[in-house]
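Undergrad: To start, I am sharing the structure in question, which I have written as structure tokens.
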């Protein structure tokens, strides 16, 4: 796969700048940057200087020195104006991300992590109401696209470097995860309306890539299985089969994509197809191992090896010297950065605890395999499934279905019997004729040859043997047809009858009051688990929003340097209540999971019983549907049987007439021979009387 052609990547347009009462030369050089890494450096410097400026001059929204800032919105092309220097910063930051995305889409395949970092910083540190192209939904979409493309670049390099198959599979699986997040955003109706015409193109490309990189992941899982000595042969077949299926889905979604995409798909198809065919052939003819189901094998967990590179607008290595250093003391700015770091540290500590608990919870729930929505499936048994209702409706307008089938089979049986009788009579005639021949031979000692013997018996015997052979073969088919009819007849009568009888024929679970109580208790605890998850997520979002809005710059300007630490401590106390709520939520998890474990133990017997009933229910439904679908085939085969036996009956009747005539002629011929032989013999001598 190291030689596979590269897939195209999505890149974003840069915003166009409008009015901003700033130094014209600075403004021009900052918004008309070259499309290269020098342009990225210029944008970073400009962003940093804007940050320095706004920390000293009141140019924010509603402040005394605020001036109009105008930029063009990407999707609509409309000019959007805000009297806020942070709007200028946000647009520059957007262009920094867009330029990195443009460079990342080029042959060098770099900068995607930088683009993700710029969009992440923009999403987390600036208002989302400035313009549509900088809304929370669009920025989140851009972040996932850039992370996915960054992981895709890493995947390309890993394949070129011939990394281990399992690592390549995990890297590819993570590409799929990022693109799935992006696809979910693209499928959101609000996001789609914001993007406009490009939404369909992006969505089609991302969906195709999801299937394509899923195929690559399973290809390398299969290659890993090849490298294993134990169980490798049977496992790789199913992985290669899955890879082939997913690649075929990608090919379907790739219609209209550029030739580079088609080349990559063709190349990958050659690799996966060859692997699958070879593995299947080896297993079929050499190893003969049972191929397991895909869902019984190890799932491919993504390995996120890329991240959004953080943006620090005040990094002197990027921004250069502060051109506004003489306007205000830097102490306030430095203190603000320190406070931001304290907030970031607080968030990191809390998130580490949340992620650790979430990982334990996810692993526990995966091992339980409990879905709150389908933990009992009792509602399923209250209704006839749609597929069965469709068959019942079809039979309700054809009330003669069963009668027609029975009559057709009866006619077939009648013709079958007639043919059998005719052939038996022919065989009896031939056997009788043969017996008479033997008697004549015993009487005369031989059968003298005589010209003019009746012809036709040999031909009759030959044809009779042929018809008997045909009849014998057809008799087996006829028996199987009757067996199939008897198998499906009861089901067809059931489907054509009242719906109440159909519903009564479907198995239903019989739960005791104790069983129902066990179910209710389990569902209650599962609801508690979900409630705990939702509360945890809500508290996390509140904490993030609170940290994002927490700006104490005004306080820092008027605070003495020696009092900065005390001010930080006082300001950070505002997060204590949220932290307490989160700690309580995290601490409750152990008790909730213990209760769920106990409930699941009691649920085991009920779960087994429900699974058995569900299996019987599905089997019954499938059997009834199969009977309906077998009706037309039975009617067709019955008609074919009637046609066959009608034809054979005509032939047998004619042959019977010929047999009768031939046997009569043969009998007459024997009489002639007997008379002729008797005439040739001398009359008996007179004997002397006995003394």
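For all residues, glycine too, the Cβ spot is worked out from N, Cα and C.
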Undergrad: Suppose you had to name the range TrEMBL annotates as coiled coil; which of 385-415, 416-446, 447-477 would you pick?
TA: 416-446
Undergrad: Given the ranges 494-521, 522-549, 550-577, which one is assigned the annotation coiled coil in TrEMBL?
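TA: Here TrEMBL associates coiled coil with the stretch 522-549.
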Undergrad: When TrEMBL marks a stretch as region 'Disordered', which of 640-665, 666-691 is it?
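TA: Range annotated as region 'Disordered' by TrEMBL: 666-691.
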Undergrad: Cβ under 8 Å, sequence separation of at least 6 from the ends of the coiled coil (522-549): give me the contacting residues as numbers and ranges.
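TA: Here the qualifying positions are 124-125, 343-344, 346-347, 350-351, 354, 357-358, 361, 365, 370, 372, 375-376, 574-575, 578, 581-582, 585-586, 588-589, 592-593, 595-596, 599-600, 602-603.
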